[in-house]
Structure formats: structure tokens, C-alpha cells
Amino acid sequence: MDGSEDDPTIFSARCLPSDPRLWATVTNSYLGTRVYHDTIHINGVYNGAVGDTHRASLPSPLNVQLEAPAGTEQLTETFTLDTNTGSFLHTLEGPSFRASQRIYAHRVLPHVLVFSVSIARLTTGNKPITVPLRADFSPESPDLDLRVGPDFQGLRYLHGHVLNPEQPGEPQQEVHMLWMPVPPALTLGEEEKDRTWEFLTVVGSSQAEAQDCFAEALQLQTRGVLYTIHADSWGRLWAGCGLDVAGPLALRQALRGSLYYLFSELPQPGTQGFISHGLSPGGLSNGSKEECYWGHIFWDQDIWMFPNILMFHPEAARAILEYRVRTLGGALKNGQNLGYQGAKFAWESASTGLEVCPEDIYGTQEIHINGAVALAFQLYYYYTQDSKLFQEDGGWDVVSSVAEFWCSRVEWSSQDKMYHLKGVMPPDEYHSGVNNSVYTNVLVQNSLHFAAALAKDLGLPIRKQWLEVADRIKIPFDSEQNFHPEFDGYERGEEVKQADVVLLGYPVPFPLTPDIRRKNLETYEAVTSPQGPAMTWSMFAVGWMELRDPSRAQVHLSRSFANVTEPFKVWTENADGSGAVNFLTGMGGFLQAALFGCTGFRITEAGVTFDPLCPDLVSRVSVSGISYLGNKINFAFSKDSVTLEVTARAEPWAPLLEAELWPSLAHLPLTPGQKVSFPHSAGRIQRSSP
């Protein structure tokens, strides 16, 4: 091999997994595919009416594999996902030659997918070397009315539109694809030592867009820098942010792989005019007809993925929130269809924000998604102080519409003088139609308090009912057993599907005494299904880290590895391999266990608090490139000390920062370019004191 066995950034194997679902994905902010798969997906392009809405499948010209030259013996074959360059490499090596295929979704040119083939002569002979290519392409799609158009500058041309839009009367989205035809074989000539061929696929929403994007790619290809610019872009991304530990290689690889797959879905930092269509559980590479929910937007985006993105890339986080702003009209319609005021964000949404979940019960009852959406806006506001999003760009409309829905949805109980929320399904989907889900009701309270505080900041009137409901909504609590029942009538010992009550405290801000936090963790740890989704154990790990129990935290971190498949670190939704694959939701929860659990980071109105802890098997944690209030910050700690450094003021308006340490209340200036180290301590990163 090449030493990649010990490299946490490169994942290699001698053969591909027997299950093609677990093959690596290559994705950018516009296009996504799985290597050697017959389908490409385009961000925001769905086919099928409500209940059947799924990502439209475009046939993939990248579905090409190298084959061994005739008569080759002693062949070595490797398959590698290189997260450093965001590319997948297949290499065939014999005694006299090396042939390699590289596949990538171009990071700088998001409308472009590329595969290249390189052949190198390893001996002094001069015989031609011919490498066969096995291509499997048919210009057909079950989701698109496609037609073959005239060639364009030697490229094939396919164009058409989706068959059935999400809503009747909507325009049928157009798709235009140009690609370079692939020969049956490539030959290195007698006098050549090495050669590389590049094959481009370009996709756009119009013929003109596809042709313009091809012209841009061709210009880079002519200069010989098409791949270099892509790889350099990934290099800059990794140089600007990261999350690593001194610990087991498997943990380091899981962290790096999760960052790679999540960041693959985002635009390059600084990209202008990016329009987000949301982040789905299976990412852009998944979501075809038989896997429709993998491509829909759930709470997964707002609770599980968003906090990681916000910490490193606030501009991408803003674009994700803008998806919720753009689909607010659909959310308002959902609320109206249920008979309530305000916005009810869809349990599963696609282009319009209208409910596309094929089963009514989830759209009707899993209303906790509203609280997840509001929480994402709240965290963004605290972390960036970007009031423009709320004053001018629709953020206030989302927050206030969620508040209106909650006030319309609750019922007043004259018996116990509290507001109740009846007939809901909590995150624990084993229970439906319950009253007063504690998780949901805490989110209601949080959403309403934030709406009132935001109104005050923006100089807007505060609805009295918001605070009345927030202060008087029922939060179930058993004072005798000192824990929070999941809902009214929950009996201890009942099995639950996944993390639910244990989300109180983190990621949902809610004050808990250590005793109650511990009792919640112990109660639900004993009854959570081992078949539950991947992010569950990460949240138990966060809880135990809050309580300074590194051994129990490590147990739950380790449980997450049942969902990580080899060799390409593709996550599955469930430990038995079922459910969504390339499961970004599980990756997001796992990343939060390190990024928020180990560090103790909590985003608050006053600053970013920290309370670091190394789990068992980890001696050091390093976080680089978090972006707080326009400042780039590195944060690292061991069991004995903490080091902080503001590496740059990325925005001209960025304020000076300081670290306030607890319990001493010492204030340490964070001067850009100067590292500040101190004995292991909790504290807060905040604006410098006047």
C-alpha cells in the first residue's frame, strides 16, 4: 500500500464492498453521485407528486470502470477515497504499468463532474499499453422526459424535464447535460511514458448554462489545471478548519470521514449567490424513488447537521436557514391544512416546503420539527449577530410564524392551569398520539422565549401570548423519581426508539441539575432500542461528558462505530445496515459528540462557553477554524491544559475577543496571532470587556 493504513484522511481497500450502497460518494453543492453508480442527482430537482416526491435520477456518464489489460498477471488493485482532495481513485498496477482512474465532483465548478484515467509505463519497454474501459450508460431516466440533442463541440447532449412536479401546476424543472463520450479502451503509445485523459460531465438548468459551465471547465482543462484547482480548493478548506484527536485511528478516521461527507454538500467558502435546497439524511448522492426519504429535508438538517456547519462555516449555515425562509409559504400552508395559525414546517420537505411525507401521521404529529427550525435560527443569531437575516431577509417571519403555530396548537387545561400539547409524536417514534412530549414542550418554550427576545432586539412588539404560553406550558417531571417522563403517562421501563428526553440540556438548551441530568440518562439508557438510529449514542456520550464521566462517554462513542462501514466510512442509519446510507444525520450527531461534547462548547447569547473533557482513549482534542463573530479561532486541550488562538479576524467588523475563565472570572485577551494557554478550566469566549 502507500502508508494510508495509518492515515486518518485516506481510506483504501483492495476491493469494493459487496454492498454497492456502501461505496464512496463524490458530491459538491450542486451534483452528487456514488462511484460506479448509474445515477446523478441535482440539488433541488425532484420528481413525483406529494407522497411520491423523490430526487430525479439523471443517467450518469461517470459509470465507467477500468479493466485489466489482456494477459496481465500479478495485478495489484486498490480503491481509495482521498478526503484531502475530495476524490476517489481506482488503481491497477502490474509489473510494467500503472493505470488509475480518478473520480470527483468539482468543488470550484459545481456543475461539473470529472473522471480521469492515467496510464504510466513502469519499465523500459515501448509496447503500447491498452486499458479497457467498461462503460454502462443509457440516456434514459424513470423521472425525466429526456431527448438526445445535437452534439456540442464534440460532447454528447441530453436534455429534458421532470415528468411530475411536486405540486400540480408547477413548472417542470429542466435538465441539460453535456458529456464527453467514453471510448472502449485507452492506449498509451509506443513512445509515451505516461498520459492522462479527462472526461467531463456538465449539468445545468438550461442549455446556455450547461454550455457556459463547459466553456469554463474547458478553459481550465486546456491549461492543465482542472484537477489542481479542485484539489487546491479542498486543501484550502482543510487548512481553514478541522477536528482531530490524539486517540484511536478508527476514531480519527470516523471524524475525518464525517467531516468530508458533510462538507462535500456545502459550497466552497466565499462562494457568491449559492442557493441551498437543504441537507437530506442521505445527502445529494441518495434519494431516488426507492429511497425517497433519504433525499427529503427533515429535522435532521436543523438539529443534527446544522450546529457543526455553523461553527465552521456560518455563511453556509445562513444559506441553510434561507432554505427555510424560501419554503415558509409551504409551511404556512401546512399549518392552515391542519387547522392552525402560523407555520408548520413539513416533517419531510422538498422544493416547496409542503409536506411530502407519504404517511400522514408523521407530518401531523412530529411537530417538534418546528422547534428544531427555530433553534437553528436562534443559534445562528447568537453566533453571528447577523441581524440582517432577521430584519431584512425573512428570518423574523420564520421565527414569529413558528411562535404563532405553537400558540394556536396548544390547549389550556383549566384543571392544572397549564397549556398542554396533545396528540403528538416525539423523536421516539415508537410512541404516537401522546400528550405533552417533554422534548417537544421544551422546544415550544424555547421557541417562544426566543421569538419574544428577538422582537425586543428588533424593536418589534412582543405578543403577550408568546410569553404566557412559554411560561405556562406543561413540562412533565416526576419529582418522586427525579426524572422527566417522556410524555404524560410514560411508565419507566417502556422501550424507546432513540435519543429523546436525553436531548434536553444538549442540543436543546434547558437548565437541568446534575442529578436530574444523570437520572434522565440512566433511565433512558436502559430502555433505548439497540436498533435505534446512529445519532442516539452520540447524545448519550455528550450527556456523560457534561457530567464529567469520560468512561461512560467513551462507551457510547464506541457504540456509534457499529454504524460506520468499511472501508470508506459510509454511515448507515441503523446498526444492522438498514435504512439510509451515507447517513449524514448520524455523522452530524457523531461530530457534535466531539465538537460540542468533548469541548463543552455551547452557543449562548453571551458567548461560546467551553468545559473540555477528554473521553477515555483520547489524550488531546484539536479544533481549528471555528468562526465566531467574524473571528477564526483554534481551540485545543489535553487533560491538563487549554490553548486558544484567534488566528485571523476574517471580517473587518469582527470584535476583539477574550476568554473568561471559571470560577476565577479571570479575563484573558485573545489578541489575533497570539496563543493563550491556561490550566484546564471551563469558561466562555466572548466580546472583550469595555
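Backbone N, Cα and C atoms are what each Cβ position is placed from, and that goes for glycine too.
Because the structure is a prediction, the values reported are computed rather than measured.
What Swiss-Prot annotates here:
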type	residues	note
BINDING	Trp299, Asp300, Lys497, Gln498	substrate binding site
ACT_SITE	Glu429	active site, proton donor
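Distance from the CA of Glu429 (active site, proton donor) to the CA of Asp300 (substrate binding site) is 14 Å. Annotated pair Gln498 (substrate binding site) and Glu429 (active site, proton donor), C-alpha to C-alpha distance, rounded: 8 Å. Asp300 (substrate binding site) falls within a helical segment according to DSSP. A Cα-Cα distance of 14 Å separates Trp299 (substrate binding site) from Glu429 (active site, proton donor). In three-state terms derived from DSSP, Gln498 (substrate binding site) belongs to neither a helical nor a strand segment and is classed as coil. Long-range Cβ neighbours of Lys497 (substrate binding site) (same chain, at least 6 residues apart, Cβ-Cβ under 8 Å): Pro427, Asp428, Glu429, Tyr430, Thr528, Ser529, Gly532, Pro533.
Taking the centre of the Cβ atoms of Trp299, Asp300, Lys497, Gln498 as the substrate site, the nearby residues of that chain (Cβ within 8 Å, site residues left out) are Phe298, Trp304, Pro427, Glu429, Ala499, Pro533, Met535, Thr585. In this structure, Glu429 (active site, proton donor) belongs to neither helix nor strand by DSSP; it is coil. Residues Trp299, Asp300, Lys497, Gln498 are the ones the record ties to substrate, and the longest Cα gap between any two of them is 16 Å.
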